[in-house]
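As annotated by TrEMBL, domain 'V-ATPase proteolipid subunit C-like' applies to C:12-70, C:94-153. The transmembrane segment feature in TrEMBL is assigned to C:61-83, C:90-112, C:132-157.
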């Protein structure tokens with residue numbers, strides 16, 4: 001395909017400039033894509049490891065909670081945990097990785113506060129370890145959420161970059177090249193025709 | 001002091017009721033049941049059949065357990081003139097409701113499903129108390145404990161304080177009640193209960209890396225081991241505690257239970273051994289022809305039975321392995 | 001007719017022989033009855049078995065009454081002409097009444113406890129009723145021995 005332009009020398013010059021820019025852009029984008037994919041693969045690996053860890057620990061935490069539950073009447077469990085004692089606040093910030101804004105979650109937990117909101121006379125000691133495990137789970141789960149979201153955003157960005165690289169590589173650059181070729185040919189042809197015309201005129205002048 | 005003869009009728013009745021307690025065989029059959037339907041089939045042969053039949057969903061099994069306990073308490077109450085012995089068992093339910101009512105007020109919510117129907121003080125009165133009404137039919141000790149717990153919560157904003165204060169108040173009142181009844185069997189039972197709970201609390205607090213102040217607030221009054229002992233042991237590692245209690249009645253429970261706790265990190269075995277030890281004490285009621293022991297033994301046995309069923313039901317519903325259930329399964333009484 | 005101190009003492013002995021075991025038996029039968037009622041509330045089919053156990057502590061009262069009759073017959077009160085007993089004779093009669101009076105009272109209560117335990121056996125294993133009865137009946141031996149002692153003493157006395 002060819003861009004519809006006037007086949008003038010001016011156009012040719014500007015098209016050539018555009019082609020150079022497009023080629024440089026293509027190279028840059030290609031580099032960015034490679035780097036993104038590398039980072040992405042890293043993160044996915046990290047993500048999978050963390051996900052497996054969290055899932056394993058969650059199963060443990062739920063099991064120990066279930067066992068604690070089996071040692072007390074349901075309403076005693078409910079009563080024990082009615083008011084949570086530890087408060088956690090979350091602060092979400094943004095971080096730029098290869099022009100992708102990924103979230104960074106920061107947790108602030110009141111350190112001094114007691115983790116266990118219940119008394120000891122009628123609760124099972126199995127509850128303690130369940131609560132302890134669950135409380136260590138929270139930072140990990142937030143970390144997992146963070147990485148998972150980042151992976152998602154990176155994947156989007158990779159997709160977008162790939163599309164742009166392709167557009168440059170398969171559409172814009174060939175188009176420019178074709179147009180340049182076309183203008184060059186057109187200009188050459190013009191030259192040739194004007195030359196033949198000149199030769200013709202010269203011949204007529206000589207005969208006359 | 002109570003007279004043994006007062007318990008003749010109740011004892012006779014209990015002798016007949018003891019035959020309906022869950023046997024080892026039934027417990028084993030529930031444990032080996034393939035699915036919940038099989039569990040229900042086994043239960044339908046027991047005294048729990050009517051309670052479980054009423055259930056809409058098996059997840060409500062706590063309701064069935066509560067109803068069956070309610071029936072038992074009713075039977076024993078109507079068989080006794082002096083119901084202080086029954087109060088020894090029901091007092092904890094009132095204090096539970098007290099905690100729920102206070103915590104609901106703090107949160108500004110209503111959670112009727114967390115209340116128990118086994119208490120003797122009407123819930124409406126407790127709710128009135130929490131709304132700050134003056135003229136309420138709540139016993140004085142409970143009212144004072146409630147107010148103290150509310151005050152301390154406002155100062156500290158620590159929900160644990162609510163439980164600690166009300167737990168302590170419960171055991172103080174239990175001690176008074178036992179003094180008032182004046183029966184050695186009940187006294188020694190309460191003392192053992194308090195001692196074994198205090199040992200557990202101390203070890204729990206060690207694992208929580210808590211401080212001496214919390215320990216002092218968490219220990220219950222009325223045990224035979226004085227509180228200074230725990231304060232001293234709190235700084236020591238668990239094996240020293242085991243050594244120090246080697247000459248006491250609890251040596252076996254403490255040794256086997258705590259050693260397992262330290263090595264496996266799970267308190268399950270200790271908790272089971274404690275319950276089995278207390279049940280062993282209660283078994284005196286099984287062999288005494290009649291008397292307070294028989295009544296206390298039976299009520300304790302019923303509570304123990306609920307614990308057995310709870311472990312079984314929760315375990316079966318959640319598909320917990322047989323070993324893990326068995327590790328937590330209490331002895332049967334008879 | 002002149003009433004002597006001996007006559008008063010003899011009659012007092014007879015009264016004691018009747019009322020002390022009577023109290024014991026009443027109490028004993030009552031105790032077993034209460035325990036039995038408890039069992040029957042839960043399981044009415046146990047009525048007849050528990051009734052047998054309840055009757056056991058009742059015998060002491062009968063022994064006491066029997067001793068009382070023997071005294072009355074010996075001192076002639078049944079025939080209407082009371083013997084003119086000396087103080088010592090009266091004391092002898094009184095002493096002869098003591099075994100059944102005291103043993104009757106205490107053994108009835110002891111037997112009631114054993115029988116109440118027997119009620120417990122019936123509640124759990126009705127087929128073992130005989131064993132429950134046997135345990136309670138062992139106590140009876142001592143009531144019978146006391147009765148024997150009292151009666152022998154009374155017949156041995158020369159009052160006329």
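Glycine is no exception: its Cβ is also placed from the backbone N, Cα and C atoms.
Beyond the ends of the transmembrane segment (C:61-83), by six or more residues, the same chain brings 1, 7, 10-11, 13-15, 17-22, 24-26, 93, 96-97, 100-101, 104, 108, 143-144, 146-147, 150-151, 154-155, 157, 159-160 to within a C-beta distance below 8 angstroms of the stretch. Here the domain 'V-ATPase proteolipid subunit C-like' (C:12-70) is broken down by DSSP into helix, strand and coil counts: 58 helix, 0 strand, 1 coil.
In terms of DSSP helix, strand and coil, the domain 'V-ATPase proteolipid subunit C-like' (C:94-153) has 59 helix, 0 strand, 1 coil.
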